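S.K.: Structure provided below as structure tokens; questions to follow.
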Amino acid sequence: MEETEKKIATQEGRLFSKMKVFLLSLTCACLTKSLSGVYMNSMLTQIERQFDISTSVAGLINGSFEIGNLFFIVFVSYFGTKLHRPVVIGIGCVIMGLGCLLMSLPHFFMGRYEYETTISPTGNLSSNSFLCMENRTQTLKPTQDPAECVKEMKSLMWICVMVGNIIRGIGETPIVPLGISYIEDFAKSENSPLYIGILEMGKVAGPIFGLLLGSYCAQIYVDIGSVNTDDLTITPSDTRWVGAWWIGFLVCAGVNILTSIPFFFLPKALPKKGQQENVAVTKDGKVEKYGGQAREENLGITKDFLTFMKRLFCNPIYMLFILTSVLQVNGFINKFTFLPKYLEQQYGKSTAEAIFLIGVYSLPPICLGYLIGGFIMKKFKITVKKAAYLAFCLSVFEYLLFLCHFMLTCDNAAVAGLTTSYKGVQHQLHVESKVLADCNTRCSCSTNTWDPVCGDNGVAYMSACLAGCKKFVGTGTNMVFQDCSCIQSLGNSSAVLGLCKKGPECANRLQYFLILTIIISFIYSLTAIPGYMVFLRCVKSEEKSLGVGLHTFCIRVFAGIPAPVYFGALIDRTCLHWGTLKCGQRGACRMYDINSFRHIYLGLPIALRGSSYLPAFFILILMRKFQFPGDIDSSATDHTEMMLGEKESEHTDVHGSPQVENDGELKTKL
């Protein structure tokens, strides 16, 4: 007898170790998948400039990840539970790695990146068309050489990036639904909040590394190793700069493939941790499952797929939770996807600086909030109803704080002919005829070229020619233009490359913006675990995997795919000046009206998230009519199926189960 008990204890220790290995492996998988996703998001502006595409097309590339996920999520979530879940997750990690590898390939098949400029890299006087020269006979126009126009077709290689992102989405499909269902099936229910909190921490730790990687790659010129960077006339803060986006995708490919290895050595199933009655020891010392665990597995095989779908669609709390999530995620995706671009345009930061600030100020508090939220749920054994009220109140408070972002804004950069007149007076935007003035009408300047210079008077000009500059000294980024007729500043009339920097007042507002971001991110993450536990507890155990998959499917269809596209299209409408390709085609946007940009970037998420509190409020009302076994008896937390309590003596399952007379029968039914 003692020998049998020792075997049981030894086997339970092994099972516990395997659960920890699975949890660690799944956390690493969540980390690498989120690393890849956030890195992709951080490089969106670089890809937009590399291929000279609009923000809406860049949003389509970003949303293509959801397209790949879309076609497989529901079927993987349902049928994946019948397969070897750890192995399926491992295969998904390999596919993600291959997708990242494909996304980096266009760099190796394209020529060197040629940014829009009229300045010769060596400052050769024979090609000084960037200066103001009176009586110039040749007007600067886009090149119409057919050979060069064909060369521009390389920009269509963004499709390869999109296909790679679709493949990455396919590989990501099984990780979350199968991973969470595996934990829910084989771990104590009271430990689930902590385990999910650890997973969420991994999901946020991944973006931290992804943003740091993105910040590093954004500082490296895209053609590093094949060009002399000393000859460049642009810096990382220039809107024409393209960082080495392809390097990060190679890193993501490697870590995703390495993460897949442990999953191929994990078992298909584990006995429910802590439930000895579900474990039997045979004569040869092996552990076998019986009872509830076996019945649940058989039930999952025999149940009809459409029956589960019908139950989920008839679950009011589940459907309202999906509606709330879709509205919330629409606002969150729109805000996070274009946050680097917003920091660039609003506060004058380079892409590398913007990505670094996001990683330092936004993600660590989110990571901490996820962990604390899961710990609080486990430590204080918060019931499902209390968790719902907690999540709702914290979310509303965070939403009100988000409104303060409207007060932390900067003015448009002073660019003569776009945002201000040549005399420094602000005028109506989008006026094309204001580009030329009396000081440069005889210079025969191109009005489309974007080669900005900053004058000593604090006003930027679209090019040295439009500033009326006739001389220059230096080479590369150290060039200084002199004798500029449009610049009048205490007798000095020189200019340097690039837009003028924002003032100290704008820098102070950025600091307040970042501090507010820390507070908002922490509160937002605190609501995630309580809210997610409400979601998990409102469906039966055999429906959880499909429920998670359907929830993810709806978010993909109604938020993940359309949100970046329509949001990017709205941002495109705020563009003040578009880049010009060799054949005269429109390239990427070089400068935005930051006032209109701000109204869209902040206003649309506020409207979407504000509307999400209506279905969330109905969830709180409906939860009063439902009874959770855990709200009555804490020992019933392992059986947290939700029951409708219309009468004290009569309990009906939310999915339409027959009546049960006592808690013991309830456990048997479930």
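Including glycine, each Cβ sits where the backbone N, Cα and C put it.
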S.K.: Using the record from Swiss-Prot, pick out the residue from Cys445, Cys454, Cys484 that is joined to Cys465 by a disulfide.
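M.R.: According to Swiss-Prot, the disulfide partner of Cys465 among Cys445, Cys454, Cys484 is Cys445.
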S.K.: Per Swiss-Prot, does Met43 fall on the same side of the membrane as Lys378?
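M.R.: Swiss-Prot topology: Met43, Lys378 on opposite sides of the membrane.
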S.K.: Labelled N-linked glycosylation site in Swiss-Prot - which residue from Asn62, Asn124 would that be?
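M.R.: Annotation hit in Swiss-Prot: Asn124.
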S.K.: So one of Ser634, Ser649 should carry the feature phosphoserine according to Swiss-Prot; which one?
M.R.: Ser634
S.K.: Consult Swiss-Prot and report the residue, out of Ser126, Ser635, annotated as phosphoserine.
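M.R.: Record says Ser635.
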S.K.: Fewest other C-beta atoms within 10 angstroms of its own C-beta: which of the disulfide-bonded residues Cys439, Cys445, Cys454, Cys469 fits that?
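M.R.: Fewest other Cβ atoms within 10 Å, among the disulfide-bonded residues Cys439, Cys445, Cys454, Cys469, is found for Cys439.
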S.K.: List the residues of the same chain that sit at least 6 positions away from Cys465 (disulfide bond) in sequence and have their Cβ under 8 Å from its Cβ, in sequence order, or write 'none'.
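M.R.: Residues satisfying the criterion: Thr118, Ser129, Phe130, Leu131, Cys132, Asn440, Cys443, Cys445, Ser446, Thr449.
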S.K.: Out of His107, Cys454, Cys486, give those recorded positions positioned within 10 angstroms of Cys469 (disulfide bond), comparing C-alpha atoms, in sequence order.
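M.R.: So the list reads Cys486.
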S.K.: Could you give the Cα-Cα distance between Cys486 (disulfide bond) and Cys439 (disulfide bond), in whole Å?
M.R.: 5
S.K.: Roughly how many Å lie between the Cα atoms of Cys439 (disulfide bond) and Cys454 (disulfide bond), rounded to a whole value?
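M.R.: Between the alpha carbons of Cys439 (disulfide bond) and Cys454 (disulfide bond) there are 16 Å.
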S.K.: For the domain 'Kazal-like' (433-488), jot down how many residues DSSP puts in helix, in strand and in coil.
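M.R.: Within the domain 'Kazal-like' (433-488) the tally stands at 9 helix, 15 strand, 32 coil.
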S.K.: Under 8 Å between C-beta atoms and at least six residues away from its ends: which parts of the chain pack against the transmembrane segment (546-571)?
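M.R.: Contacts with the transmembrane segment (546-571): 54-60, 62-63, 65-67, 69-70, 73-74, 76-78, 176-177, 180-181, 305, 308-309, 312, 318, 321-322, 325-326, 329-330, 333-334, 337-338, 341, 535-536, 539, 592, 597, 600-601, 604.
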S.K.: Mind checking which residues reach the transmembrane segment (243-267)? Cβ under 8 Å, same chain, six or more beyond either end.
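M.R.: Distant contacts of the transmembrane segment (243-267): 18, 21-22, 24-25, 28-29, 31-33, 35-36, 39-40, 43, 46-47, 50, 86-87, 89-94, 96-98, 100-101, 103-104, 106-108, 164, 171, 213-214, 217-222, 224, 236, 351-352.
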S.K.: Using C-alpha atoms only, work out the spacing between His107 (site 'Essential for pH-sensitivity of estrone 3-sulfate transport') and Cys454 (disulfide bond) and round it to an integer in Å.
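M.R.: Per the Cα atoms, His107 (site 'Essential for pH-sensitivity of estrone 3-sulfate transport') and Cys454 (disulfide bond) stand 32 Å apart.
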